[in-house]
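**Student:** According to Swiss-Prot, the protein has these features:
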- 12, 13, 14, 15, 16, 17, 18, 19, 20, 122: ATP binding site (BINDING)
- 92, 97, 128, 132, 181, 190, 266, 278: L-citrulline binding site (BINDING)
- 124, 128, 129: L-aspartate binding site (BINDING)
């Protein structure tokens, strides 16, 4: 055992197997170290939070802070990213990626409160989360030391972790039968490992937690009305709700209809490909609602720019660069465009699908008089010829040059 000069460490604690083992490990390997557990409530399973403080104390923590960050998560992290339309590699709605900087910030706040000189996370050396946590801490609290047990200890399996806790009489609900690795918050739940480790294996039914199988969803479609103000969802079916409240309602409706499932192989930041089943029912509905309003109010160049902002934002958030200037710049760009993104969308949910079937906005650029396929008195078809000639001028010049050769 060594002292390492660390007197008090704040641990990102979940109550799961890994972080339950980290508490006694810290006390055994950092002599005289005081461990403060910090649980950040971002909408994970309520059962996981029951008794979590007592569990942390029984594992050896001197204190346990439970931070309710549910509204903050959706309002200050999810909504700004949603405005950009960010989808990592075209499909992932960044549920885990958006949560990590918030958790990291909450730990820094607790560290300042208790006078800690170190921070600790339970992310493995193979994953993205270690980068996200430590990049955030480098930006927010560069003076604090960082402890990453998975890069130090020799406990390399669930069996080893269970034996470690058993030898110290520390109770845990974990077992060898729980073969999946899951991450859950208000926005999504992810499932990895087990049968999913082979991309040739189809997911089992137990790979999905929130959503019903679309084949078993109701045979009748359901319509839901979503109200958007300046790029933020503010009401569902006419009822004004908080950001977290809107998501709660849409999660329930979407899950019932099997909405928001994806099964993907993604490129991790650390160079490994990983496979996961992700469920984001409410988020999928919100994304469809925002895109529906955008189609009405954004001109062609603005829409194209928003798509570029979303693509870049997906990588910035996924890579753990939340507190970097680029993320702030991208968010500012999206918020500027979102000033016009207000309206109402009716979406139809049916067996896993979300379809915007009605949309309106006072800022709409859609004009029926111009768009009609019938006879109109506002559009002179002869004007199109000059536009096309100028638009295709470079192609015409290139072709003429080729004829001269």
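Cβ atoms here come from the backbone N, Cα and C positions, even for glycine.
Thinking about packing and proximity, how do these listed features fit into the structure?
**Tutor:** According to DSSP, residue 16 (ATP binding site) sits in a coil region rather than a helix or strand.
Counting every protein chain shown, the number of other Cβ atoms lying within 10 Å of the Cβ of residue 190 (L-citrulline binding site) is 20.
The Cβ of residue 124 (L-aspartate binding site) lies under 8 Å from the Cβ of 130, 150, each of these being in the same chain and 6 or more residues away along the sequence. Reduced to three states, the DSSP call for residue 124 (L-aspartate binding site) is coil.
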**Student:** Would you identify which of the binding-site residues 20, 97 has the most other C-beta atoms lying within 10 angstroms of its C-beta?
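**Tutor:** Most Cβ neighbours within 10 Å: 20.
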**Student:** Fill in the CA-CA distance, residue 190 (L-citrulline binding site) to residue 18 (ATP binding site), as an integer in Å.
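**Tutor:** On Cα coordinates alone, these residues lie 17 Å apart.
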**Student:** Can you check which residue among the binding-site residues 18, 129, 266 has the largest number of Cβ atoms within 10 Å of its own?
**Tutor:** 129
**Student:** Could you tell me the C-alpha distance between residue 20 (ATP binding site) and residue 181 (L-citrulline binding site) in angstrom, no decimals?
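**Tutor:** The Cα atom of residue 20 (ATP binding site) is 16 Å away from the Cα atom of residue 181 (L-citrulline binding site).
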**Student:** If you draw a 10 Å sphere around the Cβ of residue 92 (L-citrulline binding site), how many other Cβ atoms fall inside it, taking every protein chain shown into account?
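**Tutor:** A 10 Å sphere around the Cβ of residue 92 (L-citrulline binding site) contains 21 other Cβ atoms.
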**Student:** Just the number: how many Å between the Cα atoms of residue 92 (L-citrulline binding site) and residue 129 (L-aspartate binding site)?
**Tutor:** 16
